[in-house]
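Lifted from Swiss-Prot, the feature list:
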SIGNAL    1-18  signal peptide
CARBOHYD  Asn60  N-linked glycosylation site
CARBOHYD  Asn80  N-linked glycosylation site
DOMAIN    158-296  domain 'PA'
BINDING   Arg197, Thr516, Gly517, Ala518, Tyr530, Gly675, Tyr676  substrate binding site
CARBOHYD  Asn223  N-linked glycosylation site
REGION    255-279  region 'Disordered'
BINDING   Thr261, Tyr264, Glu423, Glu426  Ca(2+) binding site
CARBOHYD  Asn310  N-linked glycosylation site
CARBOHYD  Asn319  N-linked glycosylation site
CARBOHYD  Asn353  N-linked glycosylation site
BINDING   His366, Asp443  Zn(2+) 1 binding site
BINDING   Glu415, His531  Zn(2+) 2 binding site
ACT_SITE  Ser604  active site, charge relay system
CARBOHYD  Asn614  N-linked glycosylation site
ACT_SITE  His665  active site, charge relay system
CARBOHYD  Asn692  N-linked glycosylation site
Amino acid sequence: MIVKSLSLLALAAATVEGCVRERDVGSVDILSVLSKRGHGHPHLPHLSKYESMLINSFDNTTVDSWAYYYTHGIHIAGTNQSMAQWTADKWTEFGIPSSLVSYDVYLNYPVSHSLSLTHPDGTTWEASLVEDVLKEDDTTSYPDRIPTFHGYSASGEATAEYVYVGRGQKVDFERLIQLGVDLKGKIAIARYGGPFRGLKVKNAQDQGMIGCIIFTDPADDGNVTVANGLKAYPNGPARNPSAVQRGSVQFLSMFPGDPTTPGYPSRPDSPRKDKSPVVPKIPSIPISQLDAQPILAALDGHGTPGKEVNRTRWVGALNATYATGPAPGAKLSMSNVMRDTYTPIWNSIGIINGTEQDEVVIIGNHRDAWIIGGAGDPNSGSSIMVELAKAFGKLQKAGWKPKRTIVMCSWDAEEYGLVGSTEWVEEYLPWLKASAVAYLNIDVAVSGPVPDLSATPELHKLALESMKKVIWPYKGRQDTTMYDVWNTASGGEVGVLGSGSDYTAFVHNGIASLDTGAGGDGNTDPVYHYHSNYDSYHWMATYGDPGFHTHVAMGQFLGLLGYHLATDDIIPFDVTNYGVQMTKYLDVLKKYIAASKFPDLDVSKIESAICSFNVSANAVAKLQKKAEHNVHDQQLRKHLNTIYRDFGRGFVSQGGLPDREFYRHMLYAPGLDTGYAPTTFPGVTESLDAGNRTRAVEYIERASNAIYVAAGILSSCHDCNQFVAQE
């Protein structure tokens, strides 16, 4: 999830890395803009009794205590059933009956690894591959702390000359080939950022390379660097130079979940398929900027200098020219030993029964982390989920009964490839298709002060209205709303969902979804140590969110969303916004086509389908107004809720996208060469990228048909046209 709030015009260039967005709002001085608007308490909409009770139920002291618990015990996927049970027990204690749902999945764990550089003169240098122990940060010294490694990486050894491949995108490799760089049989060294890390490894593998090293570059830290005079963590907000980003290298753009059970749940007796199409065959190792420095410097003067490569973000901020190499006689030797296993994982599932059994709202966060801590990813969200359970419990004691059933989920094994949530969706898909109204996801709830939002279009209006009800503690201010800060930082644009967190399986089964969190501005806020030992309770309490006040505000926002989706008589969807957003997606597609090999490609079928959708959506909006005024017409309200629940299923096409049938939504999907960042009308754009006109025409047809199906569901309300005529 990377570009802060995704500009539609930048979709093709957008890139994503991990569960957090790659932000760049440094050109916007948020605090200055807010200050110019004046002080004083913001005008808040009237809050209902239950809204006020919900908001007032969140307490920073108890959130702090939940965060401390989650960040002081190992909880890499499949290793801590007691933490899953503790979560279920806490939810139950607060009035939400909860239990564990387990799956037996393929995972792998690190045994040993090494990396060394041999110079042409025969001298050698050994990489540390270890993050420094900090006396100020207790969990960095735990004896069972997790080594630096890549989940789903291949075991293997490799010794060879090496090539710097930039961010490891396909276009980076294409540029290297243009420059005459021999890649086959070499080891790749790539910097983080851009495509999902697994695709960096895949792209190297596809070029015949035999290993891949991925490092973190300080150029991605904006102005918050030691070079700019700031101190490194723990003494200041800059990145600790020994920090290493762990993470999965599954080929996420192909499909998420257990690589051995695509399309069906992983039970002990489930048949297993070959995992090789979606996991690497070559070894990979993540390293720190400290370890990367001598490796890059050894390439200076060999191959093409970085500035002459002419690729975006090729040159970083380390003391090297970022030359391509290879350097004759300079070789890397790498060893990576992993233990493959099938192991149980545990989802904690809690249920608040509603009065309408065929309408369900799901709220989820993953619990597993690559490190002991995980204070931001994911346990800022986990602590909020416990506090949300407490808040919902208080509402129930006060007499609240939701109209729709609420299912709360604490997922396991998200980090390996959205495994826990995907297996659960695959098991319960018939029920979800028949009942699910929406899925709300919170992953990295807090890693900084700037709120962020991505959602399917029907949820935009509810989200923005809810933001205006939450006081946002931006850098100590108490006179501004969440909406004010978000709107200033994002320009008012809600992001498009691609992949990278647990909403993925819901989106691609046509279920309305939303993902939210808060992070740094990418330029001036303290650097977030993503997937590092330094994503710790100490970092969060000192730099990320001292006092845990942003946690509280984010929990209030999530609570309001869940409350209204579960309680409002009419599901609070804005279906007309789907037409607005599809028109924007189409404008992007037209520009993409104009720059392609087939500029004459006709998209009039999509235009006609969107027009048909708009007619149906506008008719339903009129019906909603009628139902709101006629509170006694429960039949009409039920019809409206049914079509609101179901219309999104229409955008899902059987067979999915070319060569990746898991991704079935015809309007958006993770980019084939990004892994996380979204592409709109993906079947068409991928066909254009492949130079396949016939297939592009096919996916124009399939996309337009999907839009017509969704429009038809909106029009399926009994005598809808008659209702509109009576208006």
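Any Cβ shown, glycine's included, is placed from N, Cα and C.
Feature map: annotations from Swiss-Prot on the structure.
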residue: Tyr264; record: Ca(2+) binding site; DSSP class: coil
residue: Asn353; record: N-linked glycosylation site; DSSP class: coil
residue: His366; record: Zn(2+) 1 binding site; DSSP class: strand
residue: Glu426; record: Ca(2+) binding site; DSSP class: helix
residue: Thr516; record: substrate binding site; DSSP class: strand
residue: Ser604; record: active site, charge relay system; DSSP class: helix
residue: His665; record: active site, charge relay system; DSSP class: strand
residue: Asn692; record: N-linked glycosylation site; DSSP class: coil
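Apart from Thr261, Tyr264, Glu423, Glu426, the residues listed for Ca(2+), the same chain places the Cβ atoms of Tyr103, Gly257, Asp258, Pro262, Gly263, Pro265, Ser266, Ser270, Thr422, Glu427 within 8 Å of the centroid of those Cβ atoms. Ranking the binding-site residues Tyr264, Tyr530, Tyr676 by the number of CB atoms within 10 A of their own CB puts Tyr676 at the top. In sequence order, His366 are the binding-site residues from His366, Glu426, Tyr530, Gly675 with a C-alpha within 10 Å of the C-alpha of Glu415 (Zn(2+) 2 binding site). By the criterion of other Cβ atoms within 10 Å of the residue's own Cβ, the least surrounded of the recorded positions Arg197, His366, His531, His665 is His665. Considering only the recorded positions Asn60, Ser604, Tyr676, Glu423 (Ca(2+) binding site) has Tyr676 as its nearest partner by CA-CA distance. Distance from the CA of His665 (active site, charge relay system) to the CA of Glu426 (Ca(2+) binding site) is 16 Å. In the structure shown, across all protein chains, Thr516 is the one of the recorded positions Asn60, Asn223, Thr516, Ser604, Asn692 with the greatest number of other Cβ atoms within 10 Å. Across the fold, the C-alpha of Asn310 (N-linked glycosylation site) and the C-alpha of His366 (Zn(2+) 1 binding site) stand 39 Å from each other. Within 10 Å of the C-beta of Glu415 (Zn(2+) 2 binding site) there are 26 other C-beta atoms, taking all protein chains into account. In this structure the alpha carbons, written CA, of Asn614 (N-linked glycosylation site) and Arg197 (substrate binding site) are 39 Å apart. Comparing CA positions across the binding-site residues Tyr264, His531, Gly675, the one lying closest to Asn353 (N-linked glycosylation site) turns out to be Tyr264. DSSP assigns Asp443 (Zn(2+) 1 binding site) to a strand in the three-state reduction. On the 0 to 100 pLDDT scale, the model's mean across the domain 'PA' (158-296) is 98. If you draw a 10 Å sphere around the CB of Glu423 (Ca(2+) binding site), it holds 30 other CB atoms from the protein chains shown. In this structure, Asn319 is the one among the recorded positions Asn80, Thr261, Asn319, Asn353, Asn614 with the smallest number of other Cβ atoms inside 10 Å of its Cβ. Helix, strand and coil counts from DSSP across the domain 'PA' (158-296) read 34 helix, 25 strand, 80 coil.
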